[in-house]
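All remarks here apply to the structure that follows.
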Amino acid sequence: MAAAWQDVVRDAAAVREAAAVAVDAALLAGVLMRTGEQPHASDVVNYAPFTLLPSAVPQALFEQAYAVQQDFNLLVDAISQNKEFLEQTLASTIKVDDFTARLFRIYMQVLEEGLAQTVFLGINRSDYMFDCGLDGTAALRQIEINTIAASFGGLTSRTADVHRLVLKVLGKTEEASNLLPNNPAKRLALGIAKAWELYGSQRAVVMFLVEDVQRNIFDQRCIENELWNRNIRVVRKRFRDVFEQGSLDASRRLYMDGQEVAVVYYREGYVPQVYDQQNWEARLLLERSRAVKCPDIATQLAGTKKVQQELSRPGTLEKLLPGRPEAIARIRATFAGLYSLDEGEEGDRIAARAIAEPDRFVLKPQREGGGNNLYGEELREVLEKIKDSPERTSYILMDKIKPQPALNYLLRAHSPLQMSECISELGIFGVYVRQGQELVLNQAAGHLLRTKAIEHADGGVAAGVAVLDTPYLV
């Protein structure tokens with residue numbers, strides 16, 4: 001924890017008073033989620049979980065994360081256009097991972113038919129932790145890049161104001177003024193609006209493709225309201241609605257209930273459980289359409305863990321981003337150690353090493369949404385079971401990052417107020433728009449800091465483990 005908070009973090013009376021103010025401020029600011037008991041109702045809500053105090057983040061690493069985001073936008077876009085790279089990289093994965101295989105089949109089908117889509121919109125979030133070396137210096141290490149349904153750009157736009165007030169209540173007025181402004185919702189909406197404009201139909205709508213259970217609806221509404229403020233009409237639909245109401249005309253324009261759709265913004269579709277046969281058919285219909293998909297299926301595949309691991313191989317970045325040595329150096333500087341578990345001598349050696357030293361690594365399946373990674377004894381057990389099976393190629397192995405813990409209070413509805421040792425994860429949002437081969441927008445779009453108690457190895461805010469936070473640069 002930054003020295004600035006040491007004098008208050010153990011002052012029980014001051015903490016209690018600040019926590020009461022913080023909760024009311026969060027409700028007032030709209031840092032909200034629906035409740036687990038009534039996930040379909042907006043008349044019973046509570047505050048989204050957040051830290052009492054903003055967490056210290058090294059300024060140099062924060063600036064490094066921002067500086068590389070446009071490079072990552074370029075990289076994701078380049079991967080999405082490179083059929084040969086995706087085919088080769090995912091060849092082993094699609095043999096054993098049915099979900100990735102089905103996405104890949106749709107991708108190939110759409111390519112064979114010929115892309116109707118001409119405008120491409122990417123909204124991604126690159127997530128990092130601060131790896132503490134033996135000498136105490138911290139390094140920025142990328143955990144993953146999320147290319148579909150990267151969430152909390154809305155609620156994090158409102159969290160800094162809460163922390164600003166908390167610091168003032170605690171007598172830290174100067175520190176409160178140092179918290180950075182942050183509004184990813186506005187910038188993400190700007191990207192969606194640009195794609196809508198380039199699509200070229202004033203009457204067409206933006207469709208948010210959403211989950212059946214929408215506890216995190218207010219996060220989405222922040223972006224949605226920014227679009228309404230630009231007089232862009234937004235509709236919210238589920239896969240089931242697409243299956244029942246969706247159609248394509250002769251030009252492969254997408255219609256929902258008779259309304260033309262310019263942009264499909266996915267906040268759903270990243271986990272296998274949501275897909276039954278109808279939903280797969282709905283996904284294919286969307287991908288075949290002329291509508292701007294965010295992401296299109298190639299960009300979703302670009303975010304798989306197997307692609308992440310392949311990017312760390314020598315020479316791969318040079319092939320994907322020719323003539324951009326500075327961008328490549330910035331990207332490579334964020335990589336943690338990543339290892340392939342493909343069949344063969346190299347994969348055998350890596351698997352044996354991880355079984356022998358499980359606490360050094362993280363085992364990652366091809367899944368988004370948090371809570372899927374394996375650590376320690378669980379990692380060893382799973383690898384022991386699959387080490388001689390092709391199934392191991394559906395995972396990648398990554399060096400375990402060891403951040404420096406700090407003391408904070410995690411505020412959750414109906415939970416006691418107690419101090420925890422915590423670690424944080426920094427996400428940088430990126431947005432880009434490409435029309436044909438021309439990149440018309442490429443920006444870092446804001447940041448998200450999530451913090452959790454050290455006893456939780458994996459999981460984000462939506463998974464109920466991490467909480468929203470604000471960086472305090474040191």
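Each residue, glycine too, has its Cβ placed from N, Cα and C.
Source: prediction; values computed, not measured.
Cβ-based neighbour count (10 Å, all protein chains) for Q220 (substrate binding site) stands at 23. According to TrEMBL, the substrate binding site annotation covers R125, 148-151, 214-216, Q220, 267-270, R450, 461-462.
Same-chain residues at least 6 positions away in sequence with a Cβ under 8 Å from that of E144 (ATP binding site) are, in sequence order, S126, D127, G303, K305, Q308, K364. Annotation source TrEMBL lists ATP binding site at E144, K305, 364-373, Y375, 398-401, E425, K452, D458.
Look at TrEMBL and you will find E144, N146, E368 tagged as Mg(2+) binding site.
When pLDDT values are averaged over the domain 'Glutathione synthase substrate-binding' (204-302), the model yields 97. Annotation comment: TrEMBL describes 204-302 as domain 'Glutathione synthase substrate-binding'.
With a cut-off of 8 Å between CB atoms and residues at least 6 apart in sequence, the same chain places Y266, R267, E268, G269, Y270, E368 near A149 (substrate binding site), listed in sequence order. Distances between the Cα of P365 (ATP binding site) and those of the binding-site residues R125, N146, S151, V461 are shortest for N146. Between the C-alpha atoms of R125 (substrate binding site) and N146 (Mg(2+) binding site), the distance comes to 5 Å. The two recorded residues, Y375 (ATP binding site) and R215 (substrate binding site), show a Cα separation of 28 Å. Listed in sequence order, N124, R125, S126, D127, G303, E368, G427 are the same-chain residues at least 6 apart in sequence whose CB falls under 8 Å from the CB of N146 (Mg(2+) binding site).
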